[in-house]
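Peer 1: Provided herewith is a single structure, encoded as structure tokens, for subsequent inquiry.
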Amino acid sequence: MKDHSIKLGILKSLSQGGFHSGEELGEKFGISRAAISKHIKGIQAWGVDIFRVQGKGYQLAKPMQLLDQQIIQAQVENHVELIPIIDSTNQYLLDRAQDLDSGSVCLSEYQIKGRGRRGREWISPFGSNLYLSMYWRLDAGMAAAMGLSLVVGVAIVEALELLKFEDVKLKWPNDLYYQDRKLAGILVEMSGQAGAAANLVIGMGLNLMMTDKTQGITQPWASLSEVAGVQSIDRNQLATTMIQTLNKTLLDYELKGMQGFVERWNRLDNFIHRPVKLIMGEREITGISRGINEQGAVIVETESGLETFIGGEISLRPHH
Ligand code: ATP
Ligand code: BTN
């Protein structure tokens, strides 16, 4: 694996605020100013906005709070690993599922190959979002996995509500939306079965303070920094609350199943009672969205009455 320690060290210095000259940084890391300049270019390629002023040095365009594994670990029982630069936090846990305790967490600052549903890319600039995965051993087995993935969406919105963020909604099956734009995506993957139990990895990418400079996202997106109710975001506190709430909600789901979750999900549904279309390969269905049922299927009122739809190949969109 590539050693990113100098780049991460430079970022740590810059995240303290103010200007840092090439000379100062060079001395600190025992390398030349030219080498520092090369590292800065590498950091910029991770999506960090850094500018340079002649005679002063480098500065971050906006403040950045780095994640701190110790702060988070001190507040949760789950095993937590922070790997600042990673391919994908989901892949990391999938590769290690056999050796992990249920509830183990992987966090990252930058994903080289962050992924979304159906092999799509999840754009993951450094330090400005939250990339979190949790390994969960679901004793109820595969049949319960669909419900679990909906429950995860509820848990994440409720965690944001605990932190006083308002008006965050869900889009079936499990995206988070704010003002009709995508705020977060959830990806639940399976690493095989151990007897009757299912080994699941639950991944969440939550935008915190992404800038308009971010490229490659093909649909309207939102960041938590614009969500009403909160002035500033403490990323360590956010990660901690996410882990605690996810863990608690998943235990609750294992004990009681979908009981109570249909109402909790429907309360947060971004599209309830709105015209939608469901895209299923070549097929499209239009109607009015009526929330979900106990199986986790989406209910749509079409010309032929109430119909339910379920499955990973369905995309829900507003119908204008
Ligand atoms: P559906 O799953 O219903 O088809 P979707 O269009 O949101 O919904 P997903 O596969 O769930 O598709 O999500 C991946 C999509 O999300 C990508 O195609 C990309 O356009 C978008 N995307 C990638 N990174 C981000 C990000 N950081 N924030 C918001 N959206 C993103
Ligand atoms: C989607 O909306 O398609 C789901 C996006 C899921 C992104 C997260 S970021 C953390 C975890 N690691 C990944 O590679 N993907 C998920």
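Note: Cβ is positioned from N, Cα and C throughout, glycine not excepted.
Found this in TrEMBL, in case it helps:
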{"type": "DNA_BIND", "residues": "22-41", "note": "DNA-binding region"}
{"type": "BINDING", "residues": "SER88, THR89, ASN90, GLN111, ARG115, GLY116, ARG117, LYS182", "note": "biotin binding site"}
{"type": "DOMAIN", "residues": "65-254", "note": "domain 'BPL/LPL catalytic'"}
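Could you tell me the structural context for the features on the list?
Peer 2: Within the same chain, residues 6-7, 9-10, 13, 50, 52, 57-58 sit at least 6 positions outside the DNA-binding region (22-41) and bring their C-beta atoms closer than 8 Å to a C-beta of that stretch.
The DSSP secondary structure for ASN90 (biotin binding site) is helix.
Over the domain 'BPL/LPL catalytic' (65-254) the predicted model carries a mean pLDDT of 94.
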Peer 1: For ARG115 (biotin binding site), just give me the three-state DSSP call.
Peer 2: strand
Peer 1: What count of other C-beta atoms do you get within 10 angstroms of the C-beta of LYS182 (biotin binding site), across all chains shown?
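Peer 2: Cβ-Cβ neighbours of LYS182 (biotin binding site) within 10 Å number 18.
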Peer 1: Using DSSP, how many residues of the DNA-binding region (22-41) fall into helix, strand and coil, respectively?
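Peer 2: Taking each residue of the DNA-binding region (22-41) in turn, the totals are 17 helix, 0 strand, 3 coil.
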Peer 1: For biotin, with binders SER88, THR89, ASN90, GLN111, ARG115, GLY116, ARG117, LYS182, what's the maximum Cα separation in whole Å?
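Peer 2: Looking at SER88, THR89, ASN90, GLN111, ARG115, GLY116, ARG117, LYS182 as a set, their Cα atoms extend up to 20 Å apart.
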